[in-house]
Amino acid sequence: MALSQGLLTFRDVAIEFSQEEWKCLDPAQRTLYRDVMLENYRNLVSLDISSKCMMKEFSSTAQGNTEVIHTGTLQRHERHHIGDFCFQEMEKDIHDFEFQWKEDERNSHEAPMTEIKQLTGSTNRHDQRHAGNKPIKDQLGSSFHSHLPELHMFQTEGKIGNQVEKSINSASLVSTSQRISCRPKTHISKNYGNNFLNSSLLTQKQEVHMREKSFQCNESGKAFNYSSVLRKHQIIHLGAKQYKCDVCGKVFNQKRYLACHRRCHTGKKPYKCNDCGKTFSQELTLTCHHRLHTGEKHYKCSECGKTFSRNSALVIHKAIHTGEKSYKCNECGKTFSQTSYLVYHRRLHTGEKPYKCEECDKAFSFKSNLERHRKIHTGEKPYKCNECSRTFSRKSSLTRHRRLHTGEKPYKCNDCGKTFSQMSSLVYHRRLHTGEKPYKCEECDEAFSFKSNLERHRRIHTGEKPYKCNDCGKTFSQTSSLVYHRRLHTGEKPYKCEECDEAFSFKSNLERHRIIHTGEKLYKCNECGKTFSRKSSLTRHCRLHTGEKPYQCNECGKAFRGQSALIYHQAIHGIGKLYKCNDCHQVFSNATTIANHWRIHNEERSYKCNRCGKFFRHRSYLAVHWRTHSGEKPYKCEECDEAFSFKSNLQRHRRIHTGEKPYRCNECGKTFSRKSYLTCHRRLHTGEKPYKCNECGKTFGRNSALIIHKAIHTGEKPYKCNECGKAFSQKSSLTCHLRLHTGEKPYKCEECDKVFSRKSSLEKHRRIHTGEKPYKCKVCDKAFGRDSHLAQHTRIHTGEKPYKCNECGKNFRHNSALVIHKAIHSGEKPYKCNECGKTFRHNSALEIHKAIHTGEKPYKCSECGKVFNRKANLSRHHRLHTGEKPYKCNKCGKVFNQQAHLACHHRIHTGEKPYKCNECGKTFRHNSVLVIHKTIHTGEKPYKCNECGKVFNRKAKLARHHRIHTGKKH
């Protein structure tokens, strides 16, 4: 039995939107609309694909090359040849409509319907027979015309070559009475036939009779299949938008568009999901939502294979692979991969907050934020933890909470290796390394690393305390303060010590308690070196040095260092009620605080050390203290069996074996195993020297250096060498000295195998290989490998000469120069040359002298090839090539290439003549002049002419004499 086909147009399955309604749709809804329309289109075409197919041919006309679309009828038995081709042509036809509509939209911004005239006729391709010549888009119905423009919205915008497709006069070729008649063959598959039987889209007729376009527009001449479509079309010419919204005044050209728009105001959501009961205002949104339940994901990424339920989600995902960010903010230049992201971002600049809460009138920039906020009023918490049954209002909060049970910390800091359970915690943590403080208070310009800290800080200025205790009515500026306060009423103590099982209400109390077990005092005063176990104790102590008094009386303006002192003072003015402790005389403003304070004294009397009589608040404190008497060391290292009294000491020790150095310097990248080492190291960059000597005022970067320095003033040297009797102020100095006797050199360089008796000497030596010069002069930017060299160099700029000769009162920049100078007064020359017996005051002078005998000159000038026996001589020689003169006279500004020349020059200004002749008492500025002068008394003439044997007392006279033999005048 043959199946008959009924009349079906694209209108029967189409969903229509006006341009106004179309603009209200977000990108995801538009993508879904496009997908549904295309799917309906394909379904309709597939039902009649073999009998109606559009094929394009290009033919030359009188007007030039024009694209002509021919439609015809193919026999069912030819379907396997052209099926795919036909469908591709139909899809291309869609794009023709899309581009045409785009141009019309640019030119007129009017109606979404566009007319494209098609030239229809017969073609003999594949020897097909034609039963009619109407284009398939006419066969599908005029509704299809009005929807093709919407399909264009998801095409990439670009320039269209031809603004408007030229119409072709085809009136003579097309008859309005033509019909398309298709009789399908009986060899259709059984399954396909069943689909036809079950489809509600088909009627029991054998032929499809497409309606004539009998309704024509008088203005444009355009014809339509239905009168209703004609009426909608005529609105374009009238320019009328007859349906107006009573709420916002927006007008629409069709009543159903207005009905759809009104749901924005009424909140009506007539489309309900049968699976979860969720409702939607549009059918398209419901269709998209259904895919969440079915799990349908037919959009696949060709790059990574990931699938998506929406095409819009796939488009967004593809931007990850391409890295494309085509949407740019005109305000700040930031780019985005999606236009919606740009829209959201612009609200940061405009301050727009279009989403308002009906309960409290609070406004939000994003709809998602409003939805989360609404749960505060409703109390809805749909997300439940399977472990502890705790509920949450957000799924992300539940995900973060689950990590408390699993211990998962997927976010790792690249700087120190610390891991975090939340990405936000890692972002905040990174600011500790970078020092970034992006949040600034407008009132006082104080900056903060975290936004929450800024918000809490602002309440200082506003005095706002929005968090109230339901038990006692007390208000707080922070929710955390309220949570802590409630524990006073509930007695909850969630923080427990692993060592002694003591519990605490607050984590900070537990942290302070742990210090009892470790004995650690992390907080150190930079002024006097005193250490404290609590930061608050250090803060109070520092006020002794700074003189800061932050607690001020509002009545008289008097300021105090401590809050208790202010409370006690305010009693004079009759402000508040004072509670005084009879044991320590400390005062408190309320009974609760003093009650907590009394426990300290009561507990102090509970636990006493039988050995030394010391009292402790807790038994655990006493247990830790007892180790100082018993020598007990319960914490043992598994690697080397070394034992420790405190767990923290063991943890620090383990880093020796693991090599872990979690503390990194942001300036130079150097890492350290302890935070205290990093703190000391940073002072090299900052130049900070917080430790000051009370005797001479000299400052130091480390407390240990100050202690060593103080021994200079006291003269105390308790450490004595048993070999030679030499005494030292430090034990480490004695240890290093003993290696002179034993010859031990335990520190070896891996580069050159050179060995050293001190580790510091090895570290300094390594810089020769690495070229590292970490110590930089702030005045001239010159860098040095040793801090001592920088200190010596700095004296050139400051003119400081701290080393004074007790004999003549002369000052020197370097101690070595003073030692050399003292030999002048003593006449001592302990260093003797084995070759010639000549003696020298300094070992360096002897080494230089030895080069005369060996002839060795290892230092060569790369410019001229001249060789020198001393590196210093080569450095001075280099300045002849470079012209560098780093030594400047502070009096007249004259510059010199050698420091010795500057020193000699200074004597011109000072009139100093330190070199005196012992024979006649005459004085000289330069030693060389004195040496020449002495030859007058001795008669010595050491300079002999090789030509004639004549002798001279000065080298310059010999040089002049040589010219007589050579004949040179200069």
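Each Cβ is built from the backbone N, Cα and C atoms, and glycine gets one as well.
Annotated in Swiss-Prot:
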CROSSLNK  Lys205  SUMO2 cross-link
DOMAIN    8-81  domain 'KRAB'
ZN_FING   215-237  zinc finger
ZN_FING   243-265  zinc finger
ZN_FING   271-293  zinc finger
ZN_FING   299-321  zinc finger
ZN_FING   355-377  zinc finger
ZN_FING   439-461  zinc finger
ZN_FING   495-517  zinc finger
ZN_FING   523-545  zinc finger
ZN_FING   635-657  zinc finger
ZN_FING   719-741  zinc finger
ZN_FING   887-909  zinc finger
ZN_FING   943-965  zinc finger
So which residues does the zinc finger (887-909) touch in its own chain, when a touch means Cβ under 8 Å and the partner is 6 or more beyond its ends?
796, 799, 876, 879-880, 925-926
Residues of the zinc finger (271-293) by DSSP state, where helix covers H, G and I:
11 helix, 4 strand, 8 coil
Could you tell me how many residues in the zinc finger (943-965) are helical, how many are strand and how many are coil under DSSP?
11 helix, 4 strand, 8 coil
Cβ pairs under 8 Å with the zinc finger (523-545): which stretch of 243-265, 439-461, 495-517 has the most?
495-517
Over the span of the zinc finger (635-657), count residues by DSSP class, listing helix, strand and coil in order.
11 helix, 4 strand, 8 coil
